Every structure is written in C-alpha cells, then in structure tokens.
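What TrEMBL records for this protein:
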- 1-239: region 'Methylthioribulose-1-phosphate dehydratase' (REGION)
- 28-231: domain 'Class II aldolase/adducin N-terminal' (DOMAIN)
- C111: substrate 1 binding site (BINDING)
- H129, H131, H204: Zn(2+) binding site (BINDING)
- E154: active site, proton donor/acceptor (ACT_SITE)
- 275-517: region 'Enolase-phosphatase E1' (REGION)
- D278, E280, D473: Mg(2+) binding site (BINDING)
- S413, S414, K447: substrate 2 binding site (BINDING)
Amino acid sequence: MASCCETEAAAVTTEAYLAGAAVREARELVAELCRHFYAPGWVTGTGGSITVKVNDPAVPLADRLIVMSPSGVQKERMVAADMYVFSADGKVLSEPAAKPWPNKPPKCTDCAPLFMKAYQMRGAGAVIHSHGIETCIASMLDPGAKEFRMTHMEMLKAIKGHGYRDELVIPIIENTPYEYELTDSLSEAIAAYPKATAVLVRNHGIFVWGDSWISAKTQAESYHYLLDAAIKLYQLGIDWTTPEHGPVNRAKRSRSILNPGIPNECHAAEPLKCVVLDIEGTTTPISFVTDVMFPYARDNVRKHLTSTFYSEETKEDIKLLRVQIEDDLRNGIPGAVPVPPDEAGKEEVINSLVANVESMIEADWKVTSLKQLQGHIWRTGFEREEIHGVIFEDVPEALKNWNSRNIKVYIYSSGSREAQRLLFGNTEHGDLRPFLCGYFDTTIGNKKETRSYFEIAQTLRVDSPSQILFITDVFQEAIAAKNAGFEVVISIRPGNAPVPENHGFRTIKSLSEVCER
C-alpha cells in the first residue's frame, strides 16, 4: 500500500494536476515576471531566466512542482504555455509545444541545474537570473575580487538577514562559455556563504533566490539598486565598502600586497609591525579540532550544563544560545529545535539545548553563542588535564622569532578568546601565551567579512593595514583580509582544504618560511 507521501507525490504528476489552477497560475506568474523584468533590462535579448515553485499549500515546499522559463525566447512576449514544468527532483513533466517559424524549437534553459541547486541547498521558493548591466559592471570593478561587499545603505534592509549597519557580501564566481558549466562553482559559493541569497557571475549576471517569488523579486530589485549605487559611487570616487563612505583608496584596492609571481619573496613597502594568526590549519592541525576539541565539547555539553545550570556564566551562555536558536528557527536552519521557557524545568531546557548544540557542532556552526559555550566546556577539560593543546612544531620558534624583533603577535579564530588562551596556555611545548599580545574572535566580526579586518586594524593602531601580516588556511578569509589592506599568506598544512588554482597569494608550509623584512 502506498504511503501518504508517495500518494501526494503521485498526485502532483497527473495530467489533471498539471492542467489545474495551481500550475496554471505559476505559469502565468513566470510569464508576467519575465515581461516585468524586460523593462529594466534584466532579461533582454532572450537572456536571463525565472523559475518558481507551484503555490500549493497541500504539498510541502520541497515536494512542489517547479515552473521554469525556457531558453532563447523573447521574454517580453512569453505566455504561460511557453513554460517548462519540472518535478521537485528536476525531471521534466511538461514542455511547451513548438511554434511556427521564425520561432526556435522549444529548449530548456541551461540554468536549470543551477536553479535546482538553489532549490535543493537553500529551500528556495523562487529563483531569478538576471543579465542586468549593473550586475556585470559591479562584478568588474575589482577584477580579482571573489566577493562584492557593501555596508551602510538603506536598501540593505530588503536583503534577508541584513540591516542598515550590516555588511552585504555577495560571492562572485567566474563565468564559463555555457551556463550549465557554472553548476559546481555556484554550489561551492552557496555552501561557502550560508547567509547569502545571491551569487554574482563575473561579466554575466546574478542569481537571486528567496523563499517565495515575492521575496526573490524584492531582493533582486534591491540587489540591482545596490549594485547600481556601487557603480555610481565608484565613478564619484566614493568607497561603498566602509561605513564612512569616504574617498576610494584606489592604490590600496589595486595594489598586490604580495607578488603572486614570486611565491617565496616578500614585497611590501611598509615595515611589518603585527602578525595575526589563524588557529585551525595554521598553528594547529585541523584534525585536533575536529577529532579532539569538538567531540569533547559534544560529549560533555550535557554534563557541563547540568552541573553549572544556575551559575551566572551559564545563564549568560543559555541567553546567547536562545537568541541564536530563535534566529535559526526563523531562517529554517536544519537541526534547530525550540527551547522551552525556564518554567518548563531544568531537564527540558537542557534537553533542547543539547540537541541544538550537537546540531551546531555537527554543522561546524561558527557563531559566538556556540563558541563561548565550547570555551567554557574546554576550560574544564584543560583544568582536568583531559585535553592538551596541539600545535605544529614550527610555531614556538616562530613566535619567539617575532618577539625578538618586536613584532606583536595576535590570534584571530572563530573559537572564543577563552578557548584560544586555553589552547596556547596548555600546549605540549608549554605555556606560549607570553609570546602573544592579544586574541580576537567572532565578537569582532565574521572571519570572512572585510569589515572584521578593518576593526582589527583599528584596534592594533597601525599606521597602515599593510603593516599587519595575516596567516590563514581559508581562501575566503585571505580575500577578506586582503581587501582590508592586510598582507596575507595562505598556510598549506596536512589535512587543510585545497585552495583555488591561481588564487594569487603566497603560500607556506611552515611559519619558518615567512621571510624577514
């Protein structure tokens, strides 16, 4: 006997359903949106494409049929009958009939596999692909940039998860001769930027998604506004990436801090004053964090919360977790479950917190609330000598070398500052904290956002950001630091994730390779 889900799935593929009101309305909606987006130049010359999920409340969003505009059709003349209809897993269920010459035979858009990634990876209800000229030009303002960034603009409020003071980060991927060839790079960008609701394709256009066609349309209009504003600000010499919107420092934006053509030499006009080190993959094997630290926190979270539940420190930890979990629930993050009020009892609250924390750890969720709690759990582990910090053999000597040259060394990690101090205070080489001048964590900002590095530079009070050397194993962090004017080196250690080809940064396998200046 077929299950209820199987019965529903079968129902949405019948001829009667395909000819029904829900699918018909979705077809008409896509045609209307294509005509609407033709006017501002988003889908001219048959370019661009739009797709929506069929609005049928009786069917879960993930299982709903998909209506998609075709390829090579004059978008302003499209009608409902021109649309393709797909199943939720991407199978064509209905295609348009051929029209007489000079119309081309019907063809499914090359964007179909890219649209499916947004549906599958982001739970989208609609996706808009625009060829608007502002999307192309904005991606060309900085030819080497892997991200477009903007902050302190009113229209940022229309982008999901953003406010006026937030930094908008849109990943940029490189164009290919055929759109379907973008599938892998688009998937990587979606995975690497969980907060993003758009991806720019250099010299090509933009993909925007939302949980409904209204959300996608609203955000697409806002993205085009913001990209157009950036172009105009660039022409006026105004920097759109900083809160002050001061003059663009063109020398800083165009200068290569490290000469990628000479990978083992330093190239800098400013004397080095500070070194900022990442931890995972730079000073410490990733395996130590994933195989020791994370499992220890996961295995001891219940014990820690139970034994410290009424302490002021844990009350603050729980308060931060509640805020994060509420935000995750609003955004439909998998694994997030509601936390009952304190009146429900200690055990019920702890059960829900443990479920959320385990899910966050499994997803490597880099949020302050989780990192702060983990730091407190690890503190107990270090105090009981159940954990000992592991660092690479070259790290102590490098720290001593920099200290002997009066170069200040700092740590910037997604782990809490307390966790950082615990790690370097309890290593196999002894207490290394005397060689460190300070610690930064996500309270200063996300490590993949340029604004965080501006804040660090302000805190360190250097004459120029180029007097700071940042060493990391994460390409997106390297880009963000470089855009802030830092000197950047990428750490290549065993177990680290590969970096893109032709990334343009100097790489090292040991801190001893960092040349003296």
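Cβ atoms are placed via backbone N, Cα and C, with glycine included.
What TrEMBL says about a protein is an automatic prediction, not a curated fact.
Model, not experiment: these values are computed from the prediction.
Shown on the structure are the features that TrEMBL records.
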{"residue": "C111", "record": "substrate 1 binding site", "Cβ within 10 Å": "24"}
{"residue": "H129", "record": "Zn(2+) binding site", "Cβ within 10 Å": "29"}
{"residue": "H131", "record": "Zn(2+) binding site", "Cβ within 10 Å": "20"}
{"residue": "E154", "record": "active site, proton donor/acceptor", "Cβ within 10 Å": "10"}
{"residue": "H204", "record": "Zn(2+) binding site", "Cβ within 10 Å": "20"}
{"residue": "D278", "record": "Mg(2+) binding site", "Cβ within 10 Å": "23"}
{"residue": "E280", "record": "Mg(2+) binding site", "Cβ within 10 Å": "23"}
{"residue": "S413", "record": "substrate 2 binding site", "Cβ within 10 Å": "25"}
{"residue": "K447", "record": "substrate 2 binding site", "Cβ within 10 Å": "22"}
{"residue": "D473", "record": "Mg(2+) binding site", "Cβ within 10 Å": "21"}
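Surrounding the centroid of the Cβ atoms of H129, H131, H204, where the record places Zn(2+), the chain contributes additional residues within 8 Å, namely G47, G48, S130, G132, T135, E179, V201, G205, I206, F207. If you check the binding-site residues H204, S413, S414 against D278 (Mg(2+) binding site), the ones with a Cα inside 10 Å of its Cα are S413, S414. Take the mean position of the Cβ atoms of S413, S414, K447, the recorded substrate 2 site; other residues of that chain with a Cβ within 8 Å of it are D278, I279, E280, K366, Y412, G415, D441, T442, E477.
Counting only the Cα atoms, the space from H204 (Zn(2+) binding site) to the residue listed as 'active site, proton donor/acceptor' is about 26 angstrom. On the 0 to 100 pLDDT scale, the domain 'Class II aldolase/adducin N-terminal' (28-231) averages 93 in this prediction. Per Cα geometry, E280 is the residue among the recorded positions C111, H129, E154, E280, D473 nearest to S413 (substrate 2 binding site).
Same-chain residues at least 6 positions away in sequence with a Cβ under 8 Å from that of S414 (substrate 2 binding site) are, in sequence order, K366, K371, D441, T442, K447.
Other residues of the same chain near the Mg(2+) site, with their Cβ within 8 Å of the Cβ centroid of D278, E280, D473, are I279, G281, T282, T283, T284, I286, S413, T472, V474, E477, S491, N496. Taking the C-alpha positions, the distance from E154 (active site, proton donor/acceptor) to the residue listed as 'substrate 1 binding site' comes to 31 Å.
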